[in-house]
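Peer 1: Provided herewith is a single structure, encoded as structure tokens, for subsequent inquiry.
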Amino acid sequence: MEKKMEGERRVEATRRWVIGVGFWVQGFRLFPWLGVNFFLKDGMGVAASSLQILQASANLPMVAKPLLGLLSDAVPIRGHRRLPYVAIGALLQAISWLAIALWPAISLPVLTIFLLLSNFGASICEVANDAIVAEAGKQATSSSGSGQLQSFAWMFGSSAGALGNLVGGIALSYFSPKIMFLFFAILLVLQFCTTVAIPESSLQLPKADTNLSAVSSVRKQIKELSYALCMPEIFWSVIWFSLSYAAIPFLLGTMFFYQTEVLRLDSSVIGLSKVFGQVTLLAWSVAYNKYFKTTPARKVLSVLQFLTALVMLSDVLFVQGIYRNFGILDSMYTIVFSGLLEGLMLFKVLPFSVLVAKLCPSGCEGSLMAFVMSALALATIISGYLGVALAEFMGVSGGDFSALPTCLLIEAACTMLPLFFSSLIKERREKEKKEE
């Protein structure tokens, strides 16, 4: 009995190590991406609209997550379905960032290609990491155990994001962005080596069905994914979750230019703002695991959507200089509220991931979680494009921000719209779960 318990503890420790490293490195991606923003603005002279379009377009590889989820579920590499894909994703990212760091006088098209390749590698890692969390969570002895594993992963990702933004904001004052890209490439090489050294059998995850061919296995996974998406509680919940992002004309790039060009805020302030956002994500992970994991998902998601709209309304007052009249420094507001807004945009992912993991039928965890993250990526891309279109339509540019308050009001109003359709978020009752 003691040997069995010792073995279970060893498996749990290995799982947490793999999940922790995977989510930490992916969270630390914010470190080079902070450098990308300033490299595009200062080093390449990219306009605000072009910056936001590139930021949104760089997420296009994330839309391929369902295909990657099917691939990892159905096509094992040497009998393993998760860690080999994590290693491949880390290697692709390392190659991309290394090329960006060492390429002399890199052009915008070449930079875009390598950023797309980097995010393609990141999407492979995230699909495999999400599947590990979902499968390991399914083996937990209780529903709270599954939620704890998701919160554990989120805490590692959030802490890495906070550290990445903090170090990045400071590093930009002393080093060129290319040095940051090179450092992150080295970190990815270390992740690759660490992942290759760990046998997937030590995680004791569900094994692939070796009796099926790759084509038959893919068909089986597509059938199971289709069945899962046809479940009303999953289908309508994913629809609402996607619309809660896609309906917002997010003005992230426009606000970045306003803060750096009009308010002349230093890169360290922008970095601290993003740090604050990641710290709030970390605090939310702890709070959700401790206080809100038993709260109905519809209530949690609706409250978070409403709070996001409130912060956007607060930005209207900020741009109009009202807070400045009360003695609140622009830098202080940017650190707290701009960081909080970026955090709030991601707060919903944790409770929704826990909800989907509970509703997901066994066997297609990787495919379904990948589909959800793909829907999120597509929704954020649409949101970014809508933000560019709104800013262009209202005449907001690098030299004229007079219409920015109106744009922010429209952004907040659009954020409130999904609240009228929160009934789409479905949850099964305990009786239905037992019957299934």
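We count from 1, first residue shown onward.
Just so it is clear, glycine is given a Cβ too, placed from its N, Cα and C backbone atoms.
The transmembrane segment annotation in TrEMBL covers 83-106, 152-172, 179-198, 234-258, 300-323, 335-356, 368-391, 403-425.
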Peer 1: Applying the under-8 angstroms CB criterion, which one of 152-172, 179-198, 300-323, 335-356, 368-391 scores highest with the transmembrane segment (83-106)?
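Peer 2: The listed stretch sharing the most Cβ pairs with the transmembrane segment (83-106) is 179-198.
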Peer 1: Excluding the flanking five residues on each side, which residues at least 6 beyond the ends of the transmembrane segment (335-356) place their CB within less than 8 Å of a CB in that stretch?
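Peer 2: The answer is 130, 146-147, 150-151, 154, 234, 237-238, 241, 244-245, 250, 252, 255, 259, 269, 272-281, 284-285, 288, 292-293, 297, 300-301, 304-305, 307-308, 311-312, 314-315, 318, 368-369, 372, 376, 425, 427.
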Peer 1: Test of understanding: applying the rule of at least three C-beta pairs under 8 Å (pairs 6 or more apart in sequence), is the transmembrane segment (234-258) touching the transmembrane segment (403-425)?
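Peer 2: Yes, the transmembrane segment (403-425) and the transmembrane segment (234-258) are in contact.
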Peer 1: Find the member of 152-172, 179-198, 300-323 that has more C-beta pairs under 8 Å to the transmembrane segment (234-258) than any other listed stretch.
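Peer 2: Selected stretch: 300-323, with the most Cβ pairs under 8 Å.
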Peer 1: Determine which residues of the chain contact the transmembrane segment (300-323) at the Cβ level, with the cut-off under 8 Å and only residues 6 or more beyond its ends counted.
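Peer 2: Distal contacts: 240-241, 244, 255, 258, 288, 292, 330, 333, 337-338, 340-341, 344-345, 347-348, 351-352, 401, 404-405, 408-409, 411-413, 415-416, 418-419, 422, 425.
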